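Chemist: According to TrEMBL, the transmembrane segment annotation covers 48-67, 88-106, 126-143, 155-173, 179-201, 213-236, 242-260. The region 'Disordered' annotation in TrEMBL covers 333-377. Sequence annotations record features per position, and here TrEMBL assigns compositional bias 'Basic residues' to 333-342. If you look up TrEMBL, you'll see 343-377 marked as compositional bias 'Basic and acidic residues'.
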Amino acid sequence: MFIHYEKPRLNSSKMSYINLFLKTELTCVPKLLKNYLGNYYNNALCNGATWVFALWCVLHIIFDKVVDAFLRKVRYKEYVRLRLRSSLWYLGFYGTALIYSGAALAQSEVELFNFKRMHVPSGSDLPMQVMLGYTLISTFYLHSALWEGLTKESFVAMFHYLFLFTFLVSSYILRVVEISFTLTALIGLAQVAVEFTRSCYMSSNQDNLLPKLAVGSFVATYIVVIPLTFIAPLGIKIMSDYPNILLLFLFFNLVFWLITELYQSVLSKSVNHWLYHDRDPESENFRQCTNSLLECSLFKPRGDVSYNLQILRREIKARETKMMSLRKPKNKGMVAIKRKLNEKRLSESSDSDSEKSEDGDLKTRESTEEETAKKTV
């Protein structure tokens with residue numbers, strides 16, 4: 001009996017601290033929601049989401065600084081540091097999200113593919129750990145959208161994460177949070193394989209069997225598993241049994257996310273490399289290409305300072321060779337003109353020397369004749 005009464009006491013104290021933390025307003029967003037949308041959206045979950053979003057931003061900045069300092073000390077190149085920082089960050093999140101979603105599904109707190117019977121629970125039926133996990137995942141997607149758009153200027157990736165964030169928010173408003181955890185588990189399974197492959201590739205720089213297996217698992221998950229076992233049944237169920245505008249918005253938001261994901265996937269990058277990229281360093285497409293098909297499909301084109309300087313040197317060298325090739329015929333004409341001028345000057349100088357020698361001979365003759373005339377007199 002003691003244990004029976006002690007556990008609720010501990011849980012109630014923990015819940016009071018959690019509620020106090022979540023009710024603390026960090027920004028003006030809760031007040032705006034209260035003024036324009038009412039008290040329903042101005043709750044502890046919204047306040048906690050603003051706190052968690054700020055924590056994600058601070059944590060990402062600290063993570064980048066610490067990892068970059070460590071990799072710089074180990075003497076990794078700049079582009080390797082940039083790729084490893086991004087891969088390790090997303091590997092940590094997707095690995096944690098996969099473990100959390102798998103544990104939640106295994107404990108039957110959420111049901112796998114619950115959209116097939118579309119049970120709509122109330123907010124009180126959701127466990128607190130499910131709500132906290134949902135808040136962490138949704139705010140991470142929002143943070144990733146702003147991070148990719150502002151720091152990396154990757155607008156396709158920004159819209160990709162915005163579609164995920166909108167999908168999670170819509171599923172919460174419609175009280176079908178289970179499908180968000182199911183999608184998170186599937187995405188985490190594919191992204192863990194890809195990010196782990198990227199990290200191993202950049203740290204070892206060896207073209208072995210592991211990257212090919214990871215890329216194959218990514219393609220299978222996003223082309224076969226998610227469309228056939230998740231998007232298609234969800235769309236059929238919504239359109240046949242639940243003709244709701246919000247549910248249709250949820251479905252098409254998910255479709256747009258899949259389109260952006262396939263657009264920037266390793267499959268589309270490998271096809272783009274095979275069609276348009278060239279391995280010849282002197283070709284025009286060399287700037288957009290890296291060393292191999294696997295590296296070009298796994299990573300974005302390099303944009304670090306050393307690579308840009310290398311491109312600049314190559315362009316300067318090509319421009320100099322082009323200018324030299326254009327100057328060659330002009331130089332030959334100038335040499336010919338200079339040769340003719342020199343010949344003309346030489347001929348004029350020789351003529352003047354001969355005239356001067358003739359004048360000198362005449363003068364010497366006249367002087368000798370005068371001297372002989374004087375002697376005879």
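Even glycines carry a Cβ here, placed using N, Cα and C.
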Chemist: Any chance you could find the range in 48-67, 179-201, 242-260 with the most Cβ pairs under 8 Å to the transmembrane segment (88-106)?
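Modeler: Stretch with the highest Cβ contact count: 179-201.
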Chemist: Out of 48-67, 155-173, 179-201, which stretch touches the transmembrane segment (242-260) the most, going by CB pairs under 8 Å?
Modeler: 155-173
